[in-house]
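Q: Can you keep this structure in mind? I'll have questions shortly.
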Amino acid sequence: MRKKECIAMLLAGGQGSRLGCLTRNIPKPAVSFAGKYRIIDFSLSNCSNSNIDTVGVLTQYKPFALNTYINMGSAWDLNCLNGGIHILPPFVGEAQGSWYKGTANAIYQNMDFINFYNPEYILILSGDHIYQMDYYEMLSYHKQKHAEVTLSAIAVPWEEASRFGVMVTDAGGRIIRFEEKPPRPESNLASMGVYIFKWDVLKEALLEDEQDPQSDHDFGKNVLPRLLQQGRRLYSYLFHGYWRDVGTIESYYNANMEVLQEERVDKFFELKQRVFSNEEILAPQHLGERAKIHNSLIGNGCTILGEVRDSVIASGVYVGEGSLIEQSILLPNSEIYEDVRLHKTILGENAIVRAHCRIGDKREGNPPQEGITVIGDHLHIPEGTVISEGENVRKDTA
């Protein structure tokens, strides 16, 4: 097997519990985004656009939908013979193996896969962020700095910094301190969960971490702080582009709404850094004679007979006559019957809302989760149902 300079390991096994009923049946990287994509499309497309042709996808939580979607990787041009895409679930071997105990342990359990390609560098990715990035430029920076580890970093608002791993650097970009989700952050320079390691350094760090009974086997909590304590050369690579962590209902909703901005739509379809997907091939949209569309994305295979405003409509969705959809996200193959009012709602895949329903109705006081209503996948909402804003519907209401 030809030695690879760099291979990617994509962590895609997370449940995404903060997304509630959206991840009841699928892992977070498989959740639909922007009407056309799955969240994992962004990391896979970045690999393809960066000429990284060997990707291990580490799955765990309810992996069937994600495995089926990725298939052989051809949608991202990652189906090459010498490399390509590989699904890497947890396994039990003769002397080791179990469920992945953390991000670092997930890589540790797949060291045989990495050794097979014997790369000089390892790119560690998360499968649950929305961004477009040239990893080759980051690798060039890593080499230029003679770094042993490079973390991609982005400046976030100070009030949000405690949600992330944050780093303090010197004038040359070398990381002096790193802390995962600190209550009082020293910096607003946040880790994006994108790391480049020299493979020999990572291998040694993983073996050491695995022997520590006190470790959570997590890169941010354990591996990176230990490497800093050892005096290793860790550098930050400052990213100036668009990046969103969509790990909560609020952040997922807001990121979808941002896609409706004209400059963001153009960016997704830019040929130089195009985002690829394995979306099902469907017929074009059908807009009825009374349909009204304002500032919305409408996926292929949709039938729109009502009115849609400031919304993201994924593929295969049906909206009946007299219905009004406002500031909402309709996930694939969901159905809205006649005379429905849907406001600031995320409607799960294959969910059905019968006629005359009112979903996202105003309530007194401050509603939870910024007033975003969420209807889970495959749920049936009976005729005439009224659901207040900010509610999470996890099971059929009748």
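Cβ coordinates are placed from backbone N, Cα and C, and glycine is handled just like the others.
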Q: In Swiss-Prot, the residues Y100, G165, E180, K181 are said to bind alpha-D-glucose 1-phosphate. Which of S187, S191 is said to bind at that same site?
A: S191
Q: Determine, from DSSP, whether Y100 (alpha-D-glucose 1-phosphate binding site) sits in helix, strand or coil.
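A: Where Y100 (alpha-D-glucose 1-phosphate binding site) sits, the three-state DSSP reduction gives coil.
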Q: Using only the Cα atoms of Y100, G165, E180, K181, S191, which the record gives as binding alpha-D-glucose 1-phosphate, return the largest interatomic distance in Å, rounded to a whole number.
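A: So the maximum pairwise Cα distance among the alpha-D-glucose 1-phosphate binders is 22 Å.
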